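Peer 1: Please see the structure below; I have some questions.
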């Protein structure tokens, strides 16, 4: 009986040893993955900090550089003094001035309404306009990565699924194909 107990205990010890070896060799250590990711993040952080310091230094240099004064402009008096005056009496013309009506058109009046596209609300449209995307034609020419890059600095959240369809929607809107746009938007919802 004592032999049987000894064999049983030996079997348990051998089983634990095999399990320990198996875990050490074949089971990935989650801490090691996190350490590798942490080291990569630290390296990227130091690289970005170095780039930031370089750009800050360039900015301070650019601010401290003196701008050359503009070239002196020729005035009307200097031109008339340099030319010999020819005096011919001319009758004075009667000029009646009519008030000119000035119409000012702001840049935003020329911008397209980007909120007509699925997935673009007022805040996202404002962020797009702040980043230079103001017309349907501009949005139609951009890839999804280009749009993501331009909007990354704004910190605004939006659906990546809709972002993939904005170029096609913008092409239809730029061509004023509103029926085609509505049909395309219906296919997106289904």
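Yeah, the Cβs are placed from backbone N, Cα and C, and that goes for glycine too.
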Peer 1: Can you identify, from 6-27, 28-49, the stretch that TrEMBL calls transmembrane segment?
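Peer 2: The range carrying the transmembrane segment annotation in TrEMBL is 6-27.
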Peer 1: Quick one: mean pLDDT on the coiled coil (31-65)?
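Peer 2: On average, pLDDT over the coiled coil (31-65) sits at 90.
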